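S.K.: This structure is in structure tokens; I'll ask about it shortly.
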Amino acid sequence: MDGFLKFEQCPGQIGTVFFIVKYSIMQEDCMKQTKFYIGINRMMNTLEIYSKTISTTCYHSLASLLFIVFYAKIIFQKETHKFEFYRPFHGFMYLSIVSISSLICYSLYKPYSWSMHFVPPAIFIALQYFIFLSVLIFQLSIFVFGLQGGNLKKLACIVAVVLALLQWATHNVLLIIDTPNYSLKYYILDPIFLLVALILTVILFKKLVKGNLTISQQILNTLINAVVSVVFLVGIQIWQIKGPTLSPPPQRVFGENEYIFCAFYIPFLWILSANLSYSDYFQSIFQKGEGVKYKSEDERQIATVQAIF
């Protein structure tokens, strides 16, 4: 009898264990599916928010068109040597143009059956500010910390992975500045990176002033691009706090209207920087040190002269 009872209990225990394991697996699958759908909903919300916002601020695209006309003029005049040290920003500009155009198309036609195809452009615009500052900081760090002799491509890949992980880990962390009339919200890394870019720009300028660093065309281009970019972005921050706003109070999220606003401008700032770097004023100062003369406009060489400040 005892043996019979044991024989009957074993299947029951096995069945109970099997049921518990199966229930646990089903529960885990449900949690994974829930997380998946939450992720999809977040991406779709991002798409809807940015497509709606870009439709109300697309008049800023006129400024983008002016930059593009200026860019086309440089190509038509065969002065593409001005683009030599701006390759990362050059590619960044094309990605921005495609992303902005995609969001404008989505906001106009609402092709819901193709919605997921428009999510990557929305995510890129959301991260555009961060990516722009990351590239700028990397270029400044090369000269501030003397990294010219290293394997920059390998270093850039490592830095990109680290920054991607950092962005993923902090994407829900916000810096909130409350005022009596409105609330400013920033993704935490963006104001930090802007401050770092400002500090590195000042350090690079001081190195040139003190003669601790000999200037080359690449350093000149990097410094001017940093100054133009930092002045523009800091000006935007001051304008947000002191001046009129793009979105109505009391809640102004620096992630919608303001990110879209920047999206129409920051991808093209390098065009202005390139023209300033190769303007007669800066080139005359640059060449004065050692009387550097280029063979031709199409065969410019990276020249190194003494500090000119």
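Every residue gets a Cβ built from N, Cα and C, even glycine.
Pasting the feature list from TrEMBL:
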type: TRANSMEM; residues: 53-72; note: transmembrane segment
type: TRANSMEM; residues: 92-109; note: transmembrane segment
type: TRANSMEM; residues: 121-143; note: transmembrane segment
type: TRANSMEM; residues: 155-174; note: transmembrane segment
type: TRANSMEM; residues: 186-206; note: transmembrane segment
type: TRANSMEM; residues: 218-239; note: transmembrane segment
type: TRANSMEM; residues: 259-278; note: transmembrane segment
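In terms of burial and nearby residues, how do these features look in this structure?
M.R.: Residues 43, 46-47, 49-51, 54, 88-89, 92, 95-96, 98-100, 102-103, 152, 156, 159-160, 163, 167, 187, 189-190, 193-194, 196-197, 200-201, 204, 207, 213, 219, 222, 225-226, 229, 233, 255, 259-260, 262-263, 266-267 of the same chain lie 6+ residues outside the transmembrane segment (121-143) yet bring a C-beta within less than 8 angstroms of a C-beta in it.
Same-chain residues lying 6+ beyond the ends of the transmembrane segment (155-174) with a Cβ under 8 Å from its Cβ atoms: 127, 130, 134, 138, 147, 185-189.
Within its own chain, the transmembrane segment (259-278) is flanked in space by residues 50, 53-54, 57, 60-61, 63-64, 67-68, 70-71, 74, 79, 81-83, 86, 89-90, 92-93, 95-97, 99-100, 125-126, 128-129, 132, 217, 220-221, 224-225, 228-229, 232-233, 236, 246, which lie at least six positions past its ends and keep a Cβ under 8 Å from the stretch.
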S.K.: Looking at 53-72, 92-109, 218-239, which one has the highest count of Cβ pairs under 8 angstroms to the transmembrane segment (186-206)?
M.R.: 218-239
S.K.: For the transmembrane segment (218-239), could you work out the same-chain residues 6 or more beyond its ends whose Cβ comes under 8 Å from its Cβ atoms?
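M.R.: Tertiary neighbours of the transmembrane segment (218-239) are 85-86, 89, 132-133, 136, 139-140, 142-143, 191, 194, 197-198, 200-201, 204-205, 208, 258, 261-262, 265-266, 269-270, 272-274, 276-277, 282, 286, 302.
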